[in-house]
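Colleague: From Swiss-Prot, for reference:
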type	residues	note
ACT_SITE	E104	active site
BINDING	D8, D103	Mg(2+) binding site
DOMAIN	4-185	domain 'UmuC'
SITE	F13	site 'Substrate discrimination'
Amino acid sequence: MRKIIHVDMDCFFAAVEMRDNPALRDIPIAIGGSRERRGVISTANYPARKFGVRSAMPTGMALKLCPHLTLLPGRFDAYKEASNHIREIFSRYTSRIEPLSLDEAYLDVTDSVHCHGSATLIAQEIRQTIFNELQLTASAGVAPVKFLAKIASDMNKPNGQFVITPAEVPAFLQTLPLAKIPGVGKVSAAKLEAMGLRTCGDVQKCDLVILLKRFGKFGRILWERSQGIDERDVNSERLRKSVGVERTMAEDIHHWSECEAIIERLYPELERRLAKVKPDLLIARQGVKLKFDDFQQTTQEHVWPRLNKADLIATARKTWDERRGGRGVRLVGLHVTLLDPQMERQLVLGL
């Protein structure tokens, strides 16, 4: 049985700012773009979250909720330096590390001899070491598979951890809401609830064939997760090549104005996700995806050096006009392709 730890730093960007400037510790702060430039919030500290300020929220809305919010532009070199230090701490316990972004990672400690081989004690020690060396707090989840470790890391935030032992998995899954499973969004959750499926326990009683007919490939993933099955390895060679966000509509859309409104809502989340893996927002390409009512889909990309909403909207409009052919649209997606590390190095050297 594997021992997987998911470590997730607590409001990472904001925590670095509070550490380096103690005057910020007890006031609401957020990292994000200015209201004048229609920026979005990347992360907010816990005092700001009490006012409802959240990641991916437009800055203007955040300032309405919390007029005395201190807005910071971000110091991404400082965040990258802290992230590298955290990753070095991970490497003291295992070489099997899969970073997901600057502030979270999976660790496979199945074969680790540290702390007498106890994943629970390793997670505690890692969190304490991060605090001792960086004065930052982390939360952790421990479980026999990746998706449960990720869910567990959110159970006792901030500055806590939650353990799901192999023996506890069946009982934990029985009452686990399907919306907690990574990949189950609001639309999917609503469709599942309409089928009478609210928890993993409900899905365990459902015929796999029904899920496959209703959700396709995702139906199998959902069924497996509800059984506690997740065979994905912690991949230390993992190199993220793209970042995306998409929305499946409850009803097909037929007007460009509807599509544009969805893009406006998706863009802040794309920006937030990209900032977690690429704080400078430099990219190789960006593009859009449309899926039609006949389940055919099309994508269109442009070479573009930095995330740009106006270009994404223009690309989507061109795709809508040229490829829709009168069909309804059931899914809208935005994505970026990241720079190859070698190409990025050449760009930096050329500056």
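Here the Cβ of each residue, glycine as well, is placed from N, Cα and C on the backbone.
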Colleague: Using CB atoms and a 10 A radius, I'd like the single residue among the recorded positions D8, D103, E104 with the highest neighbour count.
Modeller: D103
Colleague: Would you mind checking how many other C-beta atoms are within 10 angstroms of the C-beta on F13 (site 'Substrate discrimination')?
Modeller: 29
Colleague: Please report the Cα separation of D103 (Mg(2+) binding site) and F13 (site 'Substrate discrimination') in Å, rounded to an integer.
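Modeller: Each residue's Cα considered, D103 (Mg(2+) binding site) and F13 (site 'Substrate discrimination') end up 9 Å apart.
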